[in-house]
Amino acid sequence: MTKTYKYEDQLDFIQKSDDVKNLFIIKKGFVPNMNVEGHLFANDNLSKLLFDELKQFTDDPGSFLPALKQLANVAALPGIVKSSIALPDAHSGYGFSIGNVAAFDMDNCNSIVSPGGVGFDINCGVRLLRTNLLYKDIEPIKEQLVQKLFDLIPVGVGCQGKIPCDYGDLDNILEYGMDWSVCSGYSWAEDKEHCEDFGRMIQADPTVVSYRAKKRGLSQIGTLGAGNHYGEVQVVEEIYDEYSAKVMGIDRIGQVCIMTHSGSRGLGHQVASDALVDMENSLNKSKIKVNDKQLACARINSDEGKKYLKGMAAASNYAWVNRSVMTHLTRKAFEEVLKESADDLDMHVVYDVSHNIAKIEDHIVDGKLKRLLLHRKGSTRAFPPYHPLISADFQHIGQPVLVGGTMGTCSYVLTGTQLAMDLTLGSTCHGSGRTLSRNKSRRILDYNEVLNNLKEKGISIRVASPKLVTEEAPESYKDVSEVVQTCHDSGISKKCVKLRPVAVIKG
């Protein structure tokens, strides 16, 4: 029988590191069968939120386990190496916490892949465009501009895309990713140079994606969706690293940028759902023991594991095309309102990052080079300068890291570091992280008050479902500036640019 510890006893398994700033170590024994430690990166304030969640947990049916429990349960999965890592924006999710990083040894025949370690919105990510405009150039036409963006980019639950696409096109999207969008005229050739994996995972196989998933995805290309997804017109508020910012084409306070946050829409959700059914059915056959049934998984080299990775890669390619088409529509909106070409406005992609994805990467573990399957769920790749997988333009500064804020709060551009490779498997935060559930946000917040607060900050907003904006109110989230500063202080990413929203479209 598994021993159940009281909260005070559980704290005996958690200690603060003396060597690394903002690191809490969850020792083996916190939950059964841990193969490695859990490592939580958080300052005292952010860690208190997670400790309070653990203390107040009542094991209600249907509720997620506390994030610290989830972090430790992942540490018990077969083949995991180094540690199960939680970043400062970590909060409870399906199986894995959101903000969890976990790596599995590709040379270990028992190593697993888990859809819960990627999430339902496969390759949910963020893209940032820069312009040569200053805020004073758009301030008089800001309302017109945000309305044009809202008119051109479909938003909301179940929204339909405006790009003609048949199943043949969809298969090409799933296989070729941004290569398709370049050939089809929805991306500039240079765009993919500033995307992770250059906007295409080559192991993608459209044939493993179910008809139901394809049917859901067919009409949603170039759509924003709902939830925490958004399109924002932003202005540069602070520049912390002038050299790195200039390499990215950001060199002035007040410079106008555009950030788009979306993923693989219904197609990715269905790919994840289909894989979970396959893996739940195979768990008994494979005799894999998990502490939580939401951690359904399969061995990487099993039929189920290979199928999921091929389908996940296809959904990732879909997400890159989705953001590419919205980039095309964003450029079109600026052209129509400002009466200048996107090229003349210098509307170049700064970078495109993935927040929910699994990738095969090489890392040093215990002094040895190992090929690992990296699960990043609600976290961002943060490779250092001179890493071979970084675009040539950024070799001297490290990978740009895009950290989106909540509705009405600032966003950040960071850069990756060598210390991230050493401590977090080349990973850092992705956003702010929820503190209130969506249901609780709807219960206690008034949507009119939320909208009025945005207007008082000078933020123009267009939203498809006004009553749902309470779910994304700043009060529902941790402070993104505190999250970013915690990562900066720990050395796993460096602050580069701070961006302030001036116009927002949401579902």
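Cβ coordinates come from backbone N, Cα and C, glycine included.
Of the listed candidates (H39, H194, H229, H328), Swiss-Prot assigns H229 to the same Mn(2+) 1 site as D121, C124.
For D121 (Mn(2+) 1 binding site), applying a Cβ distance below 8 Å and a minimum sequence separation of six or more within one chain yields G263, S264, R265, G268, H269, N356. For T406 (GMP binding site), the same-chain residues that are 6 or more apart in sequence and have a Cβ closer than 8 Å to its Cβ are N228, G431, S432, E472, A473, P474, S476, Y477, V480. For H355 (Mn(2+) 2 binding site), the spatially nearest entry among the binding-site residues C124, H229, G231, G433 is C124, judged by CA separation. The Cβ centroid of C124, H261, H355 marks the Mn(2+) 2 site; residues of that chain outside this set whose Cβ lies within 8 Å of it are D121, N123, G125, V126, N228, H229, S262, G263, S354, N356, G404, H430, G431, given in sequence order. The sparsest Cβ neighbourhood within 10 Å, among the listed binding-site residues (N228, N356), is found at N228. One residue stands out among the recorded positions H229, H430 for having the most other Cβ atoms within 10 Å of its Cβ: H430. Same-chain neighbours of the Mn(2+) 1 site beyond D121, C124, H229, judged by a C-beta within 8 angstroms of the site's C-beta center, are, in sequence order, G125, G225, G227, N228, H261, S262, G263, S264, R265, H355, N356.
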